[in-house]
Amino acid sequence: MGSSHLLNKGLPLGIRPPIMNGPMHPRPLVALLDGRDCTVEMPILKDVATVAFCDAQSTQEIHEKVLNEAVGALMYHTITLTREDLEKFKALRIIVRIGSGFDNIDIKSAGDLGIAVCNVPAASVEETADSTMCHILNLYRRTTWLHQALREGTRVQSVEQIREVASGAARIRGETLGIIGLGRVGQAVALRAKTFGFNVFFYDPYLSDGIERALGLQRVSTLQDLLFHSDCVTLHCGLNEHNHHLINDFTIKQMRQGAFLVNTARGGLVDEKALAQALKEGRIRGAALDVHESEPFSFTQGPLKDAPNLICTPHAAWYSEQASIEMREEAAREIRRAITGRIPDSLKNCVNKDHLTAATHWASMDPGVVHPELNGGAYRYPQGVVSVAPAGLPAAVEGIVPSAMSLSHAHPAVAHPPHAPSPGQTIKPEADRDHPSDQL
């Protein structure tokens, strides 16, 4: 076997060495890749790991020390990790996505490289479902446009003026809501929608029979049936190579004339060019999007900039202070389980277990022999003078922690394969769940 197929000291591809702990070894380094606040994570990890933040938007902005030595990574949705990116991390054993969606991580390549990928699937179910219902109600009752009219100084007093400014407002009772993907959020939306008087249909080819009876919903067997019967369509499935641009010009033409569309799942599910054209032509009466193909979203550019009857929010449907704290705590606990236990057996929400080619033990930590260490240092790229801030406070200058363990691995240069869109197929099942996971 050539050197290009080795990671370290003769270990085959996919096997990474155990993490050495104890008084003779530095503590493992854990990095928050795309954020700078570690105050929630540090109390959970401070006795077993050194915690640092990178505040990066790409791997080019991550300091070499993190790339060489970090064994654990925490991340949100603002950074993408392809195989090429993953190969830059020489000692990484686990990535935890702070949220449920993980389409910004190449989980198969991570598994090939011996890196476990985990998520936090349940923390923001209520928030996302509530936000979805807010968007649906807004489309039906035209609240945003009525508010905007008053802000612009429009005089609204007579019945004729009200009729003009509220044109398009509709009654909800008896309308049919079509849900694509009946995972945690999809079910929560269904229960809320029934309370408002919606007839609820859903399409989910990977969900076991019987859930529709338990929840009092109507199940359809094809996406075309759902689009044909729905007055409003809402998306709650994950994004994968099979359902990219699930909503496109072809599927939009299968929707009812004048239907509404809501997406709080993943931006790549909707072809925004096709949606913009459908809104301009009136084939879709209105749309509400919390997620977009290109984020951060701006009305000043892109195909949706001139689209009428459109509500957009900045990928915030998942957010509440309570949910944010809960998911960060659970993400830190998952990192702790990885450090103190065995990968992947000790992990609660590993999404690429089937792709991991091998699992190695992490040495158990003995708190009695671990000395207090500075945490919360900044690890962002510009090279230069280094410093670390104690007690989780941001460092005065960005830098590194000295005296950390150095591991060197050689990775094969493999290009990340592009995902080919296949609009006719929707959700792809994942090994760690019984129903489609919902995406944040």
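In case you wondered, yes, glycine gets a Cβ from its N, Cα and C as well.
Noted in Swiss-Prot for the protein shown:
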BINDING   S100, 180-185, D204, 237-243, 264-266, D290, 315-318  NAD(+) binding site
ACT_SITE  R266  active site
ACT_SITE  E295  active site
ACT_SITE  H315  active site, proton donor
REGION    409-440  region 'Disordered'
COMPBIAS  429-440  compositional bias 'Basic and acidic residues'
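Comparing Cα positions, E241 (NAD(+) binding site) lies closest to R266 out of the active-site residues R266, E295, H315.
When the Cα atoms are compared, L182 (NAD(+) binding site) and R266 (active site) turn out to be 15 Å apart. Scoring each of the binding-site residues (L182, V185, A317) by how many neighbouring Cβ atoms lie within 10 Å, the top position goes to V185. The CA atom of V185 (NAD(+) binding site) is located 13 Å away from the CA atom of R266 (active site).
In the three-state DSSP classification, E295 (active site) falls within coil.
In the three-state DSSP reading, V185 (NAD(+) binding site) counts as helix. In this structure, H315 is the one among the active-site residues R266, H315 with the smallest number of other Cβ atoms inside 10 Å of its Cβ.
In this structure, the CA atom of S100 (NAD(+) binding site) is 13 Å away from the CA atom of H315 (active site, proton donor). Listed in sequence order, H77, T78, G267, P314, H315 are the same-chain residues at least 6 apart in sequence whose CB falls under 8 Å from the CB of E295 (active site).
Cβ environment of D290 (NAD(+) binding site): S131, H135, N263, T264, C312, T313, P314, H315, A316, A317 lie under 8 Å away, each six or more residues apart in the same chain. The binding-site residues examined here are S100, G238, E241, T264; by Cβ neighbour count within 10 Å, the least packed of them is E241.
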